[in-house]
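Student: Handing you a structure now.
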């Protein structure tokens, strides 16, 4: 399988298809801890059972627990009681259990009096009587027993202590329950199924409480209306809830699948549809539809209906919402009922790939990679908290402390460094008192502050960190009534605060653990005063400080409080319902929140902390990332080292996800960087080799571990480390040379013979002189170059022994791409070039010195650790020649000049030498990439006269990197170094990389582009931190984009400028941007650009240096279908959005988008967007290079008042000089401007043909007044005109002249002499040839244009004459030969004249009338075609345009005129038919001609008086004459005058359109070689013109010119000064060299 095919397999399912959406992406990047699978044999063995029955109170405390072997058979719950019945197989299953809540959960066991009848499942208590029922019978048992407090007693009722009541048939008892009325009253509530299968909610009274009387009576609770259409359809399932207001909601499922809906104990609705299942909670009713559809895993793909209880009595299918069915979602319906009381799992923690879960007295560890529960630790007391801890001696190694209810902290330690197995430590830390609160630091959750209550009600704060327990009471001075609160601060050392309502103060504390042991050092940091402490009426769990520190946020379970630091005022944001939160990157708040008015459902949310400060809660951007049950289950943790967030989704699962607002994903389970030797990015995978010889593979898209493979023991690299001469040397840690890496073994020095190794380098000219090489401190070590091949294999390319000069002593080694050469740079500016030589030992080589490089450009090379000056094969390197002031490419072997780099590309006169070098890069061994001061980048071939291969304008480049040589790093190697949390910088750089890949590297395949979108960042913490997956998008922003697309009323105003900037910078899978997603949402597009413009203005106003403020660019790129947002707008005919986007692109930088939309410029012309002309003119820009040309004598051509030509985006200045200027003594102020509209001016581009065809057909002539359009036409016109004249006009003149001669001389006008016959034959031959010539041109056009050829009227004038002329000439030739077969429509036989000749009208029996018609039409069209060619010339072109426009304007008028004339003609015809011999019209056609003659004044009325009705005829005649001769003709004149006026006013535009039409029609005439020589491909139009007087007089222009002149003068002075300085230095050197001789002579 090819690499391409493998890559496609990798990405196909996820990212190469449009259906890849955020939902699937989130699922792929998340780990799920399956809590419902936590029970395994070890856990069952420990508990001694398979099930655990637990009861929780309102405070979420577990107040009752029982271990069972089997699930309970039935249960019921009242306000004060819980009833359950055990499985018959269970021990003590012959008892019924009642838990008394008010008796400290004491249990009464009642002997089951119906043990043999398993149908008894309904239970309840009322006034010391226990009711036990099945469908027909009710057992009433007198409870003469006092329940024990917290204990258990047994009660076996005697026969007289119970009685049985049987209800009548066919009624059935469905359930027993209570409400507040029955609890306070003297009855029990029951649900009874009636004979028509509905539920009669009734009250059961036992009046006398005497079992012997059994005076039981039922009272209906609500009226039950009989229904006749339901019978024998029993209820098989019934669910109901009673809300706090005592309103009941219920749903019953019958055997047939029908359901009944109940509100307030009344049947309200019975839908006709059949259903499969029912469920209910306090929010809604849920009904499962029938389906047979299953996915590949067998999961149900059906639908369910959700009916909100808010509809109350309107419950019904009509108010339901259809949602997808999932088994997990069906379970959550029940979970929603218990979530505020039941908290099974108390704490979670993540260490590497081990996930800790605490519950009851157990801590279980889940392996998230293997997806299995590994081990359980059991404790004697409940586990309240899990404390993440850094070991005292090894701060990078983590263990976990289980904080027990009895105050013990039991440590769980990793059994080895891999942390894959865990053991329980014997060490126990003791915390005094009963726990009240634990607060952990937010940095890495490894410092813990424990608040306990000790004897006599006193409180104590204890610290726990690095296996140490510290008493913090003295440091904190905690008082009764104070609150210990977690503090998330911008100061990394601030961990917690103490809030004192009595003192109205908040104190913050820092942990400054600076000693070696890391012992806590807690100190008071600052104080916040606050007023109105009564406003804070709930317990707080977190305080958050913001960047500006003007306000802090105090967060409780219900409300959020904003404290203004300046004056201590508190503002309350009601009902935020944040149960737990984590603040990441100082402003993103991840929270588990319950539903409220602000968020309609509970879930996992992300908020912007700054928006809480600036807006009210309801207006803040509360963004739900995922649903979660929450309630009292507030498990939410952030693990900084692993860059993961864990939250409890429901009782069945915990989700572990990356930081969802970042575009960087950490690789889960990755250890410290120093533990790894090599990495390799292989398509969408990252493979890492650690020192133990294990190859670990991660997915780059998800950050998940895919596999582990252990190498064979023979590949032992445990003693090796990555070579670096100092700690900051990242040469082989960065991505530049990966996957190859140079390793060195410092632990085993090699004893070697230096004389044999160094050879001549140890010899000196001076005898008895020890060489520097010999005395230099060094050790010989073994090196090896290795490379990861795949996830199971590495390759050791070679090993060698080489000197190592020790840490901190400069030594750098680089290898050629073919590993045949090595370059070594060592201290004292020594540079050596080696060649590889094999030894007798396999795999071991030695390096043979080729030469030492002298005068190496050390100053240029030190801007980065990368060996950027040298080509990949080390054969060439970049140097700077100070004498010639030029950069050169030198050969490494002899250090001779290989190529001189033109100053137009790298000009030391315009930029500083080091700054130019920092923007230089080798692409391969023959191509280099460079960038100028404007951010224009080009790739050139050094072996092809520096021919441009590709180019682009790198978007949003920081001006400091382009202009400031003091900025650290190299643009191509070091600019991307940034921290993982700097999302904006990462997205911005990713945008640049994507743009460079698309245009500089010419990558178009999705497979190649995904290599750019999904990369690996090696540079975290200067290549000392863990690697991260570097994506071009984040889940959070991708989800926002989907919501913009899918929600018609998406509220974009809730998001700040910073949020929108980040959103705009994302490039999502499939290459889409936010503009692709929002292209149908016009108001979103407007809002986006408006916010960006306002933010840019704000930054400009606040900035001291305006150049430092970089305009924001919304990425405007093509997706993988080659479409931009404008493409999609046109495709959907959303022209308004296209117009808006185009308007906003007007002021964007050069090459930011123009090439992206060049292919649809013809479509934009056809769409006639109002902004198009303005947009095109706005693309007339000036580069800094063009601004340098301020004076000169312009080469004017083709009668234009400006010069227009094509150049590259970054051209050589000499080329501009040659193309636009001539030598002259008279210069003038000039300006050169570039038109950033590529391709449409180039004859070689197909889009250029389409663009001119669109211009030719454009109805809006105003577009031709725009300077940009005129420049494009003016550029292409000379060649089109030249070829049209040469190949069409001049041949046509000759052709037309021949035809005129032929028609007027040889068409029977002269005698048929021999010489005339010869002339006839010659001209006929030429006419044949010329006809064929013109016909083949037309055939070419037809072939190229297809049916569009027929749409132009001029094409008929082109193709008909040659055909007719061939016919005419052929007939005449046949007539002359007498061989032509003749048909005559007038006579059958030829009629001879008196002289014996045959008349020409009857010659040979030919119908010469038809021949005359053909000849006449041919002559007319030949003259018409002459008019076509007059369009070429400016003086006549607009007149021809006027003629065509007038005719076009007359179309409707002529239709009306024809109707009028036909009407009158037919009226005249009727009179003529009845007039006999005095008829004046012969037929219908003659009637039309007669009326037409009347219209032009030919009034033949001689026979009118002899007609049958002369009076009426004269009246019609008068009306016709007035209407046609006066009204219609004057109307025609008005229409013609209006058309004339329009064309005359727009004569210039009309002339340009005529030229555009000629270019469109005749570009096929230009041969390919001429199109190529004309140039323009991958180039831009540049216009040179003289400055007008008003422009010269413009003060700003004058100032600019003066500044430029001063700059030039300063530059010249600087150059002169530099020359003088060099001369002085040379003189001083010469004097210094001669001085010793002079001194010696003086002595």
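Counting begins at 1 with the first residue displayed.
Placed from the backbone N, Cα and C atoms, the Cβ positions cover glycine too.
TrEMBL entries are annotated by machine, without manual review.
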Student: Need the matching range: TrEMBL marks transmembrane segment on one of 1356-1375, 1376-1395, 1476-1495, 1556-1575, and I'd like to know which.
Tutor: 1356-1375
Student: Which range is it, out of 1408-1430, 1592-1614, 1615-1637, that shows up in TrEMBL as transmembrane segment?
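Tutor: Going through 1408-1430, 1592-1614, 1615-1637 one by one, TrEMBL gives transmembrane segment for 1408-1430.
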Student: Could you tell me which of the ranges 1312-1336, 1512-1536 is annotated in TrEMBL as transmembrane segment?
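Tutor: Comparing 1312-1336, 1512-1536 with TrEMBL, transmembrane segment matches 1512-1536.
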Student: So which residues does the transmembrane segment (1512-1536) touch in its own chain, when a touch means Cβ under 8 Å and the partner is 6 or more beyond its ends?
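Tutor: The answer is 1446, 1449-1450, 1453, 1456-1457, 1460-1461, 1464, 1467-1468, 1471, 1491, 1494-1497, 1499, 1501, 1504.
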Student: When each of 1356-1375, 1408-1430, 1451-1469 is checked against the transmembrane segment (1287-1306) for Cβ pairs under 8 Å, which one has the most?
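Tutor: Going through each listed stretch, the top one turns out to be 1408-1430.
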Student: Across the domain 'Ion transport' (1289-1547), what is the average pLDDT of the model, as a whole number?
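Tutor: Here the mean pLDDT over the domain 'Ion transport' (1289-1547) amounts to 75.
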